[in-house]
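Pulled the feature table from TrEMBL, pasting it below:
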TRANSMEM  B:12-35  transmembrane segment
DOMAIN    B:17-79  domain 'V-ATPase proteolipid subunit C-like'
TRANSMEM  B:55-79  transmembrane segment
SITE      B:E67  site 'Reversibly protonated during proton transport'
Amino acid sequence: MIDFAMLLAQDAGFGTMGVGLAMGLAIIGASLGIGRIGGNAVEAIARQPEASGTISTQMLISAALIEGVTVVALILMFLK
Amino acid sequence: MIDFAMLLAQDAGFGTMGVGLAMGLAIIGASLGIGRIGGNAVEAIARQPEASGTISTQMLISAALIEGVTVVALILMFLK
Amino acid sequence: MIDFAMLLAQDAGFGTMGVGLAMGLAIIGASLGIGRIGGNAVEAIARQPEASGTISTQMLISAALIEGVTVVALILMFLK
C-alpha cells in the first residue's frame, strides 16, 4: 500500500495532463483568432479588390500578434 | 496511511495542471480579442479604404493592450 | 486520521490550480472586453472617418479601464 502511494505521489501525471490541455486550448484559441482575421480579410478583399494591399498588411500585423503570444505560451508550457 | 498521505501531499501535480490550463485559457481569450479587432479592421478598411491609416493605428493600439496583459499573465503564471 | 488530513492539506496543489484558472479566466474576460471595444472602434471610424480622433480617445479610455483592473487582479492573484 505504501509502495503504491509512493509511486502514485511521485508523478501522477496531472501536471503533464495540464500542460497538454493547455497546448491544445492555446492552439484552439489561436486558430479561432487567426481564422477570423483571415476569413474577414478575404471577404474584405472581395468587396474592395483595389484595397488588397492595405488589407493584407493589416491582416498580417494582427495575425502576427496572435502568433507571437501563442509561441511564447507554447515555449513556457513546454518548460513547465 | 500517514506515509500515503505524506507522499500524496508532496506533489500531485495539480498546481502545474492549473498553470497549464491558465495559459491555454489566456491564449484563447487573447486570440478571440485580437481576432475580433483584426477581423473588424480589415472589414472597416474594405468599407473606407481611405481611412486605412487611422484604422490600422487604432487596431494596433487596442491589440497591443490585449497583447500586453497576456504576456504579463503568461510570465506571472510561469513564475507561479 | 488527523495526520492524514494535516498532510493532505499542506500542499495538494489545488491552490495553485485555482490561481492559474483565475488568471486564465481574467485574460479571457479582458480580451473579450477590449476586443469588443477595439473591433467596434475600427468599424465606427470606417463609418465616420472624420470622427476618428474622438473615437480613438474614447476607445483608449475604456480599454485602459479594463487593462487596469486586469493588471491589478493578476498581481493580487500572483501574490496569493
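Backbone N, Cα and C atoms are what each Cβ position is placed from, and that goes for glycine too.
Keep in mind that this is a model prediction, so the values were computed, not measured.
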I want to check the contact list for B:E67 (site 'Reversibly protonated during proton transport'): same chain, sequence separation of six or more, C-beta distance under 8 angstroms. What comes out?
B:A30, B:I34
In terms of Cβ proximity under 8 Å, which residues at least six beyond the ends of the transmembrane segment (B:12-35) contact it?
63, 66-67, 70, 73-74, 77-78, 80
Please give the average pLDDT for the domain 'V-ATPase proteolipid subunit C-like' (B:17-79) in this predicted model.
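Summarising the domain 'V-ATPase proteolipid subunit C-like' (B:17-79) by its mean pLDDT gives 90.
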According to DSSP, does B:E67 (site 'Reversibly protonated during proton transport') sit in a helix, a strand, or coil?
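Once the DSSP labels are grouped into three classes, B:E67 (site 'Reversibly protonated during proton transport') ends up as helix.
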Kindly report the helix/strand/coil residue split of the domain 'V-ATPase proteolipid subunit C-like' (B:17-79) according to DSSP, in that order.
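Residue counts for the domain 'V-ATPase proteolipid subunit C-like' (B:17-79) by secondary structure: 62 helix, 0 strand, 1 coil.
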